[in-house]
């Protein structure tokens, strides 16, 4: 094998070993693609608020009756009120 070919092959193999194993599409995908808007507060066990640079505000809820996780529409009135209360409470603590 030619020395140039061997050097090129070793460089290519080295860069393959250094790259992260996730495809670009998985790195930038938002967790919520669909939103539920007709979920009563009483059916929710807890909320998780996700905010990333690539996605708009994402609110993930775990349901009480089956433990399923769903994405809630952040424009729903009761969610807006909940977020406002949470932000006010956080501002008072600091």
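Here the Cβ of each residue, glycine as well, is placed from N, Cα and C on the backbone.
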Exercise for review: State the residue range annotated as region 'Receptor and heparin binding' by Swiss-Prot; the candidates are 24-28, 29-33, 34-38.
Suggested key: 29-33
**Study point:** Cα-proximity to residue 46 (site 'Important for dimer formation'), 10 Å cut-off, over recorded positions 32, 64, 71
**Key:** 64
Review point. Going by C-alpha positions, which of the binding-site residues (43, 45, 47, 51) is nearest residue 71 (disulfide bond)?
Key: 47
Exercise for review: Round to the nearest Å and give the CA-to-CA distance linking residue 30 (disulfide bond) with residue 49 (heparin binding site).
Suggested key: 13
Practice item. List the helix, strand and coil residue totals of the region 'Receptor and heparin binding' (29-33) as derived from DSSP. Key: 0 helix, 0 strand, 5 coil
